[in-house]
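Working notes, structure below.
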Amino acid sequence: MKHCFYNETVGFFYNNSRKELTTYWRTKDVLVVALGLTVSVIVLLTNLLVITAIIINRRFHYPIYYLLGNLAAADLFAGIAYMFLMFHTGPRTAELSLKTWFIRQSLLDTSLTASVVNLLAIAVERHQTVFTMQLHSKMSNQRVMILIFCIWVTALLLGLIPSYGWHCLCALEKCSRMAPLYSRSYLTFWAISNLVIFLIMVVVYTHIFIYVKRKMTRMSKHTSFHPRYKETMISLVKTVTIILSAFVICWTPGQVVLLLDGLGCKSCDVLAVEKYVLLLAEINSLINAIVYSYRDNEMRSTFRRILCFVCYRNSKYTPTVVKLNTTDRRTLSQNGHFTVDSSI
């Protein structure tokens, strides 16, 4: 019968994994917390702005924007989780109970998983709309809600699994170095799952990228295409490039480090970089809001109206206004479908 250490302190498991647990604030700890809190506040504000814009503007009441809103909600949750971590790290870690430590980690795992799965859902939705040359996905609101529900269920399951058994409290030899109460097998599973999602996203967006480039090549041979259509295509290529670059840069290092720790790499100094790769992954929650929202002209216009609400308090904001401008234009493609002047 295995002996479990449910009554031990967090320090006991950190000592077992040989992970340093400080009792005083070092300069490095202060800098990491200060930077982490700054990033968290910016993530909270930007994603709250995105959610507000989607709620108040009826033009955003379509499947893609619901997914964008859910992505913003996941990133908002990630900002809260990371802020919670910053208030419970450094010398404060030793004071945590096992339950609080698991809550701290579960919040991070759940929020980051929700963000990644949302990105995958958006990639698939964009693939469908680009290849069918539709303005918006034909997915019903009910299906979008079911998809969003499934995303959060998946995120919660992956985030809470360690708290309900997939840990090393009963098998100290299997404890991780980066997360001393987690089993290395869980880290391996989590890292591989995310890397598989990354691979699927790369394939999807690469397919979109190749299709758009070929479409532009064919378009250049015809003069009948509306110039706005070509501009939209070029903008889409730029957006896809930014999405892939930001995603790979922010997420891959952390997943590789987790995988190395999960596989028990003895020569890998994973502890030296763990805080930085986690911060890099959190920064992606900020980049998501910028790439998916700020590059949309209508979204930017809504942001300005929200931020200047005090200036416009005497004029009633009507999101259903039918005034046509450059942000509303639709251009007609060869097959008769409309495309939107948006780079999402």
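Glycine too: its Cβ is placed from the backbone N, Cα and C atoms.
Keep in mind it's a predicted model, so treat the numbers as computed, not measured.
TrEMBL annotations:
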TRANSMEM  30-57  transmembrane segment
DOMAIN    46-292  domain 'G-protein coupled receptors family 1 profile'
TRANSMEM  64-87  transmembrane segment
TRANSMEM  107-124  transmembrane segment
TRANSMEM  144-166  transmembrane segment
TRANSMEM  186-212  transmembrane segment
TRANSMEM  233-256  transmembrane segment
TRANSMEM  276-294  transmembrane segment
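Under 8 Å from some Cβ of the transmembrane segment (276-294) lie the Cβ atoms of residues 32, 35-36, 39-40, 42-43, 46-47, 49-50, 53, 68, 71-72, 74-75, 78-79, 82, 108, 112, 115, 119, 122, 239, 242-243, 246-247, 249-251, 253-254, 257, 300, 303, 344, all in the same chain and six or more residues away from its ends. Counting Cβ pairs under 8 Å to the transmembrane segment (186-212), the top-ranked stretch among 30-57, 64-87, 107-124, 144-166 is 107-124.
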